[in-house]
Structures are given as structure tokens and as C-alpha cells.
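Student: What TrEMBL records for 32-54, 69-88, 100-120, 167-190, 211-235, 247-268, 275-294, 314-335 is transmembrane segment.
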Amino acid sequence: MFDNSALWDFTKSFIQANKFKDYPNDIGKEQLGYLIVVFFESVLVLCFEGYVFGQYRISSEYLSDERSIYSYLAFISFAILFLCYISYETLQTKNSIQLFGIAIFHYLLDFYCITQIFAFKTVIITLPDEYGFNTNRLSPLAVFNEFLWRDKATSNGTKFYDDLEPVLIFIPIITTVCSLAITFLTYRVYKEFGWNIYQKIGPDLRMRRYYLTYLILVSMLKFDFFFFLTLVIQFLIGGDDYRDAEFYITIVTAVFTFFVLTLCLYAVTTESRKMLYVTQALFVAGFAFAGYRAIHTQRETNYTQYLYRHMNLIVLTVITMFMLTVTVCINFCCLKNFDKGLKGYLAYSQKVELMHFNQNTIPSKIRMPLDS
């Protein structure tokens, strides 16, 4: 008989091996299941995406608008890699707020995997050869109806699409099942992390509210980085001129984004008002840049080309601008909490965690002692 307890002990000991020394040794079954679901989802989605993209590249006669496929492949692949990192980092730091962000992120990934089917259908079958666009099919409703009721006798690419369709449909099925599993595990893991917040902050409800606001900001900055960097990649893929100045400015923006987000986190942690005001202004500038670049991309291509090739660019731009707006609002909430004691709690908890990490032990509690 196969011993499940032996498998559990082996997996737990493997995670706590030398390469994972920074991971807590009190990992529970819910957290381990969380990691397994994310790993299972990542491997399957990346394998199927690689297969679909490889078949698409081999069948060059159906490359009517290859940049549309590149944009979806770039987003889904980058999203899966980001999901692996942020899931592991969330369990490592026990960020309870970030758990809910990951759950919402999963459903957004489901949406993109579903729309990817529509994109392949449109690019391979619906659109003509030169640019992949048919001016007689400008209505999105008409294209969507054709997506639902396929006419297999009207396109040379129909057989090729029929071969890929089962794989394309299987990808969102995987992400949906994993999303439901992650949603269930999020509730179970959140109950464990709630005790961790109590250990750090203590019974002070006011300080716990300040700390939760801080955690929300930390989580938002990480998702801001993903969406803004992904949006920049979409701008680079969707652009038609790779020699103009805006192309290089867009590349520099990707690097500058990481600097601004790091500066914002440092400003909130150290409670520097002037530095936070600077980052707020830079967030507004990023908001304006995203809007300008989206409008400029629309103008440099004809309406039909923009409607299909950059369909996901519109969605990403709206999401990024919404995320930046929410981040600015949360920054102001954190600004109101300055000079109220949270800085001392954060500094003390980081000091204790670093001390126990150097000693390769896990503290039972790291709450700052009460003043005598």
C-alpha cells in the first residue's frame, strides 16, 4: 500500500532543504497544497501555451496577424511566472492581504485564456491574409457570432484551427479549476495568517488597522509592477516602428517603473512625506503615459487593425490606470497613518526576523514589547 504520510514527510522535508532555508519550517498542509496547485497550473499552462505557439509558428501560411498571438503569449506566460513568484513570496512573508489579490489575479488569467481562443479564431479564420482584417466585419458582435457558429467551409485555416481548438479550450479549463482550488485554499491559509498578524502587532486594533493598510499598499505595488511592465511589453509588441524615439522611451519606462515602486515602498516604510509626494507625482505621470501611449498606438494604425491586434491592449490599459489610481489613494491613507507608531513596529519586527533568520530559527512571536 502507498503511504500518504511518507509522501507528505518527503515533500515537507524537500521544501525545507538547503535551497529553501528562507521558507518557514512551520508550513501546513494548506500552504503546501497552495504551492502544489500553483506549480501544477504553471507547468500545464506553459506546456500547452508552448505547444500552441510552436504549431502556430510552424504553420506559417496562417500567420495573418502574428502580433496578436505574440501579445497573448507574452501576457499569459509572464502572468504564470509572476504567479509562481508572488505565491511563494506570499506564503513566505505571510501576507494575508496578498492572498486575496492572487485569487482575483487567477480569475483575470481565466478571462485572458478564454479570450485567447477568440483571438486565435479571429486571426486564423476570420481575417484575410494581408493584415488579418476584413473591413466588412468591423462589428465585434458579428465576429463573436461567427466564433460561436463556425462555417468550416469558408476558410483554409479552419482545419488548422480545429486541431488547436481542444488545446486552447483545455487551457482555461485548467486555470478555472485551479482558481476554484486557490479560492478555497485562500480562506484556509488566511485563517493561519491572521494569527501571524496578531503575533506581530498584538491586540491593538488601531495598530492592526495601520498594518493592514501597509500590507494592502505592499501588495498593490507588486501588482502595479506586473501590470505596468506587461503594458509596456504590449506597447513594444503592438508598435509598428521600432526605430523612433518613443520605442526607446518605452523601454526606459520599464526600468524606471521598478525604481519608482521601490521608492514608494521605502517612503512609506520610513514615513518620509517628501519622498512619498514625489512618488505620487510619478504615479500620476505614469497614469498619463499609459493613456497617451494607448491613444498614440490607436492613431498610428487604422481602426480595424487596432480593434483586433490590440484588443487586449485596451483592457490592460484600463486595468493599469485603475491600479495606479487605487495605489495613489492607498498612499494617501498610509500618509495619514504616519507618526502614529507603525514605523517602530515594522522596524522591530524586521530586526527580530533578521536575527532569527541568521540563527536559522523561527521566532514564536515578534511583537514589540509594551513600554514599561
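Including glycine, each Cβ sits where the backbone N, Cα and C put it.
Not measured: the values here are computed from a predicted model.
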Student: When you scan the chain for residues with a C-beta under 8 Å from the transmembrane segment (69-88), skipping those not six or more beyond its ends, what do you find?
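Tutor: That would be 23, 34-35, 38-39, 41-42, 45-46, 49, 53, 56, 98, 102, 105-106, 109, 112-113, 115-116, 119-120, 123, 222, 226, 229-230, 233-234, 237-238, 309-310, 312-313, 316.
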Student: Give the nonlocal contacts of the transmembrane segment (247-268) in its own chain as ranges (CB under 8 Å, at least six residues past its ends).
Tutor: 214, 217-218, 221, 224-225, 228-229, 232-233, 235-236, 239, 241, 275-276, 278-279, 282-283, 286, 289, 293, 327, 331, 334
Student: Taking a Cβ cut-off under 8 Å, which residues six or more beyond the ends of the transmembrane segment (100-120) line up next to it in the same chain?
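Tutor: Distant Cβ neighbours of the transmembrane segment (100-120) are 45, 52, 56, 68-69, 72, 75-76, 79-80, 83, 86-87, 90, 144, 147, 161, 164-165, 168-169, 171-172, 175-176, 178-179, 182-183, 186, 190, 219-220, 223, 311-312, 319.
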